[in-house]
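> Sharing the record's features from TrEMBL:
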ACT_SITE  Glu312  active site, proton acceptor
ACT_SITE  Tyr400  active site, proton donor
BINDING   Gln147, Cys148, Glu149, Pro282, Tyr283, Gly284, Gly285, Met286, Glu287, Arg605, Met606, Lys607  peptide binding site
BINDING   His311, His315, Glu334  Zn(2+) binding site
DOMAIN    483-649  domain 'Peptidase M1 leukotriene A4 hydrolase/aminopeptidase C-terminal'
Amino acid sequence: MTRRNAVDSSSYANLDEVVTTHLSLALRIDVAARRLCDDSTATLTLSARVPGVTTATLDTRGLDIVGVTDADGRELAYTASAVVGKLGGTLTVTMPPAFAAAAGAAATVTVRYTTDGLGGEGGAGGACGWLTAAQTASGAHPFVFTQCEAIHARSIFPCQDSPSVKATYDATLTVRAPLVAVASALAVGDPEAVAGPGGGDWVRYTFDQPVPVPAYLVAFAAGELVSRDLSPRCRVWAQPSVIEAAAHEFAEVDTLLATAERIAGPYVWQRYDLLTLPGSFPYGGMENPCLTFVTPTLLAGDRSLVSVVAHEIAHSWSGNLVTSASWPYFWLNEGWTVFLERRILHELHGAGVAGLSTYGGRQALRDYVSSVGVDHAYTALEPVLAPDTDPDDAFSVVPYERGYNFLLHLRSLLTPGDDPAPFDAFLRYYFGRYARQSITSDDLRAALSDFFPDAAGTLAAVDWAGWLKAPGGLPTAVPVDESLLHQAHALARTWAATAEAGGEGAAAVTAAVATTDAEGLATWPAAQRCAFLQHLGALTAASGGGDAAAATLLSPAAVAALDGVAHFNNSKNSEVLHLWLRLALPARYEPAVASAKAFVTSQGRMKFVRPLYRLLASVYPAGGMARALFEEHRDRLHSIAAKMIEKDFADQSAVGAVA
Ligand SMILES: [Zn+2]
């Protein structure tokens, strides 16, 4: 595949010649039939970047084009190529003659099309997650949500699918009542009843996004949805049976938002709403503007996971307002978002909780680098993507954690000392300077030089190439507050010692229970309880054998005693429960089996279900119990999750056969 433009190797559009300034979607979504109907249209307002442009090439994947017209409804000639490379196809439209007259000439192009939003045959997948009624909470109605990041927008509308292009957008979404449609934009007016094919009560919802966004931030969902207001600018959407729990869990979200504003500057999106998706949503969350999509596994009942929302809120500045110009600069989205997320945690919960998060991130980064090798190109902050590489394949913890640590390093050089607040002034300057733009690492460097005019020598001494271009682990790690971490690790060592106590085991367990009580583990922040469980798991993992994680040195009696004092097995906090089960299942603590079965069948977030199914299969291989459980409940899982678990089982039996 030859490169189609000099801007973004992930797009086949002629980005050098044409830019989209506005997008208008009119989609009829038949959720039961899993289709955008063939009267759906995308109208793009295009502007010529240079004189003499005669065609506009748009990205597509799995779209069936019905026709293309100009602003007056006249047919425009076009060529639709379903597949021009691994990343999809193109739609090349012959523009009206006036478009070639001069740079800045504008024209609108309306594309009528239909699609299942799944990306077509054998491709890299699509944006639409179609759920059957059985995959929802009530079981009464089907559901659909989209996930366009990184390059899936092209599977639901023709577009310049590059983060370098940002456009305002409006949309009408027409669905069959009683389904409700929501989008990553502001709702306009009340829904209207409209006529439609096949009878039924079609209802049209209208939206407007006045802030320019890249195509990957266009998002919608439709299903059995109700909402509750949380504050004048925040609302939560969920299925009826979940709405009370969601409204309780996210009641304080405006406090997070206000804290973020104090650090990063004004919130420009007017509304911050949350959409709690059905349990089969395979991901944690997605920062769709005006409407963050989240997994219901955040509903802990005690607001202990609301800090996860801090990450999505932070994207309102980094990623959504100031966007990386192409995917190799993705670290500017995620590194800054983790930075702002931990600043919010610091403000609301203290330096110790923020430090736990930093420690966990560094651990995850070390694990990733050692798993792929220190020379792997994707360990660099700005990975070089070969033509036709799906950016999703290059993404990992690197842009998040290496990115965060680089920014923390810059902060420590430019505003030394423990107080993070002085550097916040730079954040406000940076987000203001580049608002509504797409930028590269050079733009960050320019902003730092301008904001810190006396620090030219300091900035020149920074190892920019080492941080940005070189593969490997962290060049340096700025010290952070590890007080809560050390407390958690010390307690984990006490419990790990019970495994080495031999004949004195019972006495060691009794002592560990007393220490746990005295330390007040039950009242620790969830992140600290997680750090305890994670460290205890690492200290007691039995080495050797086929699957190290499937064996532990902890005795069932010790695990039972730990549960007796900490009640982990009944935790409603999904992160705590997940780490607990990874410790308790290998110890063959029987109550953990029922708990694990209930957990993997009540939600479908891949972060949790994949490792737990693997663990159930390796610890309890008898009778293919895990496999049978999966088969019994697979119709409640998202197709991506079911496919990945299927693959995990296959990999596991292949390893078993070799061993
Ligand atoms: Zn993020």
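Cβ atoms are placed via backbone N, Cα and C, with glycine included.
Just tell me what is around each of these and how deep it sits.
Packing around Glu312 (active site, proton acceptor) is summarised by its Cβ count: 24 other Cβ atoms lie within 10 angstroms of its Cβ, all protein chains included. DSSP assigns Glu312 (active site, proton acceptor) to a helix.
Close to Tyr400 (active site, proton donor) in the fold, though at least 6 residues off in sequence, lie Trp331, Glu334, Gly335, Thr337, Val338, Gly361, each with a CB less than 8 Å from its CB.
Look at Gly285 (peptide binding site): DSSP puts it in a strand.
Counting only residues at least six positions away in the same chain, the Cβ atoms of Gly285, Glu287, Thr337, Val338, Glu341 sit under 8 Å from the Cβ of His311 (Zn(2+) binding site).
Taken together, the residues of the domain 'Peptidase M1 leukotriene A4 hydrolase/aminopeptidase C-terminal' (483-649) have an average pLDDT of 92.
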> If you count, for each of the binding-site residues Glu287, Glu334, the other Cβ atoms lying within 10 Å of its Cβ, which residue has the minimum?
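Counting other Cβ atoms within 10 Å of each of the binding-site residues Glu287, Glu334, the minimum falls on Glu287.
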> With an 8 Å cut-off on Cβ distance to the His311, His315, Glu334 Cβ center, who else from the chain surrounds the Zn(2+) site?
Glu287, Glu312, Ala314, Ser318, Gly319, Asn333, Thr337, Val338, Leu340, Glu341, Tyr400
> Just counting, how many other CB atoms are there within 10 A of the CB of Tyr283 (peptide binding site)?
19
> Could you say whether, by DSSP, Glu149 (peptide binding site) belongs to a helix, a strand or a coil region?
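DSSP call for Glu149 (peptide binding site): coil, neither helix nor strand.
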> Running a distance check here. Ligand 1 versus the recorded positions Tyr283, Gly285, Glu312, Glu334, Tyr400, Met606: which have CB less than 6 Å from one of its atoms?
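So the answer is Glu334.
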> Could you give the maximum C-alpha to C-alpha distance in Å for the residues Gln147, Cys148, Glu149, Pro282, Tyr283, Gly284, Gly285, Met286, Glu287, Arg605, Met606, Lys607 that bind peptide per the record?
19
> Inside 10 Å of the Cβ of Met606 (peptide binding site), count up the other Cβ atoms and send me the figure.
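Around Met606 (peptide binding site), other Cβ atoms within 10 Å: 18.
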> Among all protein chains shown, how many Cβ atoms are found within 10 Å of the Cβ of Glu149 (peptide binding site), not counting that one?
23
> Cα-Cα separation of Glu149 (peptide binding site) and Glu312 (active site, proton acceptor), in Å?
14
